[in-house]
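First up is the structure itself, then whatever we jot down about it.
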Amino acid sequence: MAIGNPEVATMGKENTEAESSNGNESQLSSDLTKSLDLAEVKEDEKDNNQEEEDGLKAEASTKKKKKKSKSKKKKSSLQQTDPPSIPVLELFPSGDFPQGEIQQYNDDNLWRTTSEEKREMERLQKPIYNSLRQAAEVHRQVRKYMRSILKPGMLMIDLCETLENTVRKLISENGLQAGIAFPTGCSLNNVAAHWTPNSGDKTVLQYDDVMKLDFGTHIDGHIVDSAFTVAFNPMFDPLLAASRDATYTGIKEAGVDVRLCDVGAAVQEVMESYEVEINGKVYQVKSIRNLNGHSIGRYQIHAEKSVPNVRGGEQTKMEEGELYAIETFGSTGKGYVREDLECSHYMKNYDVGHVPLRLPRAKQLLATINKNFSTLAFCRRYLDRLGETKYLMALKNLCDSGIIEPCPPVCDVKGSYISQFEHTILLRPTCKEIISKGDDY
């Protein structure tokens, strides 16, 4: 049996111990590496999970926002139908209606724009202003629709009934609280105003007609009166431009403390600067001297003051808070109108007191008029619509008694043509507002 060298054995033992220690160290380092790797993997997984959660939350919040924005869009996307059928109140649920065009007073009244007292007065009058603006918004939407459907060949009575029924829908007609302020005027050619077809009328709108479409709306008796002229033949364009320009001149001149005669002088100067050629003959456009603009009262279309369309009128001044219809008429005829044709417009006398009536039928008709129109103008078609029959004798009796005032059509000479434009303006303490102004005129 061989015996080994002790030094060699010692060295081998040392080597074995060194190898084992090295092995342990490498084992520890590999274990540490694995644990670090596992920690990193877990951290990555945690980060990924967090990112996924954040993504899901963001996606959910985006969906909610989209839903909210969609619901908001749905709420605010209510628009007028074609033909118009949605009441204007539903289109403006806040109850605030669009302002008309604002014009500042001339420099001599500039102090009004800085007066706190004047602005406070405006705030107190806001409910009245809002009623006027609501009536004006109905007027704008109705005339926009009517312009889109007007064409030669239409029966005038169909035209009027379409317009009036649209007004009734959009204004949410409610007796004397909201509705039509006066009958639709659709006067043709040499007829300047106050013509609307009676029941059974077969008049047809022609290509060469010049039609004045004049209608009014009201909320609680606060009336908006506005008119424009329609002509399909471009030959009449200068005639329309004359009255349109003259109307805006009158509006520009109007204001607090302005004399009515000064407005008339400015209107005439502009109107009579125009000429129109019709079928080879040139006519100077004349301002009709016996038709005027007018102040407007509550349930009173023609109040106390008249705004002339020619120079030399009244020295009376316009006053703060007043409502005016500035309307001008340009004619190729004599520039003077007379009553003619069958009467269709009627209106209860605003200042009439108690008048004893003998005819029972007249009393009954007056009760109908008081209930449905009060002192607002009406026409025979409106009485027909209410179911009144065989009323002409009773109506004549009311006219003869001075209770009802007939308003027959007014005409220039035959063969002449007349144009008209009209706006309602409000003389506010700080500025004037063209209540009925729209995109069309």
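Cβ coordinates are placed from backbone N, Cα and C, and glycine is handled just like the others.
Summarising the annotation, Swiss-Prot assigns substrate binding site to H194, H302. Annotation comment: Swiss-Prot describes D214, D225, E422 as divalent metal cation 1 binding site, evidence class sequence analysis. Residues or ranges marked as divalent metal cation 2 binding site by Swiss-Prot: D225, H294, E327, E422. What Swiss-Prot lists as compositional bias 'Polar residues' is 18-33. According to Swiss-Prot, the compositional bias 'Basic and acidic residues' annotation covers 37-62. If you look up Swiss-Prot, you'll see 63-76 marked as compositional bias 'Basic residues'.
Of all the binding-site residues given, namely E327, E422, the one with the smallest number of surrounding CB atoms inside 10 A is E422. It is 9 Å from the Cα atom of D225 (divalent metal cation 1 binding site) to that of E327 (divalent metal cation 2 binding site).
A coil conformation is recorded for H302 (substrate binding site) in the three-state DSSP classification, outside any helix or strand. Sitting within 8 Å of the Cβ centre of D214, D225, E422, and not among those site residues for divalent metal cation 1, are the Cβ atoms of G185, F215, G216, S226, A227, A325, E327, Q420, T424. Note: the Cα of H194 (substrate binding site) and the Cα of D214 (divalent metal cation 1 binding site) are spaced 9 Å from each other.
Other than the site residues D225, H294, E327, E422, same-chain residues with C-beta atoms no more than 8 angstroms from the centre of those residues' C-beta atoms, the divalent metal cation 2 site, are D214, S226, A227, G293, I296, Y324, A325, I326, H423, T424. Working note on the binding-site residues H194, H294, H302: by count of other C-beta atoms within 10 Å of each C-beta, H194 ranks first. Annotation note: E422 (divalent metal cation 1 binding site) sits in a strand segment as assigned by DSSP.
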